[in-house]
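Peer 1: Checked Swiss-Prot, it gives:
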type     : residues      : note
SITE     : Thr43         : site 'Part of a proton relay during catalysis'
BINDING  : Thr44, Ile204 : pyruvate binding site
SITE     : Tyr106        : site 'Part of a proton relay during catalysis'
ACT_SITE : Tyr133        : active site, proton donor/acceptor
ACT_SITE : Lys162        : active site, schiff-base intermediate with substrate
Amino acid sequence: MFRGSIPPLPTPFRRGRLDEEALRRLVERVVQGGSHGVSVGGTTGEPGTQTLEERKRAIEVVLDQVAGRVPVIPGTGALRLEETLELTRFAKEAGAQGAMVIVPYYVKPNQEGLYRYFAEVARAVPDFPLLIYNIPGRAGVEIAPKTVGRLRRDFPNIVGLKHSSKDLEYLSHLFLEAGRDFLVFCGLESLTLPMMSLGAVGTIAATANWLPKEVALLCEKALAGDYQGARELHFYLLEANEAIFWDTNPIPLKTVLSWMGLLEKEWRPPLGPTTPEVEERLRRMAERYGLLPKEKEAA
């Protein structure tokens, strides 16, 4: 179903509005770079700063540009269940191949509350594949492996989970509860290979917006059992993977993409530009990976 590298696209803005032309450029970069899917509206896309209509339009643009070449898995989660249901239904009707639903943030629900929340979403789109998005650092709560296993048994359309945490022990318990065929994706760039060695089927890594070919190849080698080749790519990508988090994601990502001419260096409040010191580190990193146009390297 879903596997490999599925880059989470940033949302490009121009003068405060969705920059559809830039979004199409980003889609082409990752698809032509060999990515195995595309995600829009995840953490990297700043969904919490957008209206539902803006999020819907971004999904439409990405689906139109992808044109069926690879699966599109939008992030459709929101704090309010009603908004999550509306956006998930929209993604399905628009032609997406699945949706990624974040663990509700800020309110810190208990495990029964999380079960009921995801059960409502699964019931609303019974034949539509769903990935749970586990990101405790942002959500303030983690969905337990036992809760995921219960959801998987009760709702066949809950097919996988994106794990954005350094806790690798979690994965072992998750596979025991949800089954070895549960589709787990790494959500922390530098842990792609370690998670895939435990059974994850791919990564949803922001680094793939910079280096789509290399991230896709790492996943392909790991899935084929070529761990020596995958390790070489793991260490090659390490600095870029770490650079994503030199400031709050997607600030470093968008900074470098703006230098590459792919989007404007623009965020929605409360996000803002990084420090000159981080910019200089990013510039040196981007030079080492050959990401900058020649005039930028000389600047």
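Cβ coordinates are placed from backbone N, Cα and C, and glycine is handled just like the others.
For the listed features, I'd like the structural context: burial, neighbours, distances.
Peer 2: Within 10 Å of the Cβ of Thr43 (site 'Part of a proton relay during catalysis') there are 23 other Cβ atoms, across all protein chains. In the three-state DSSP classification, Thr43 (site 'Part of a proton relay during catalysis') falls within a helix.
All protein chains shown were included, and the count of other CB atoms within 10 Å of the CB of Thr44 (pyruvate binding site) stands at 23.
The Cβ of Tyr106 (site 'Part of a proton relay during catalysis') lies under 8 Å from the Cβ of Leu79, Ala139, Gly140, each of these being in the same chain and 6 or more residues away along the sequence.
In this structure, Tyr133 (active site, proton donor/acceptor) is part of a beta strand by DSSP. Counting only same-chain residues at least 6 apart in sequence, those with a Cβ under 8 Å from the Cβ of Tyr133 (active site, proton donor/acceptor) are Gly42, Gly75, Gly77, Met100, Val101, Ile102, Val103, Leu161, Lys162, Ser164, Gly187.
Around Lys162 (active site, schiff-base intermediate with substrate), taking its Cβ as the centre, 29 other Cβ atoms fall within 10 Å, counting all chains.
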Peer 1: Using Cβ atoms only, which residues of the same chain lie under 8 Å from Ile204 (pyruvate binding site) while being at least 6 residues apart in sequence?
Peer 2: Ile6, Pro7, Pro8, Ser39, Gly42, Met100, Lys162, Phe185, Cys186, Gly187
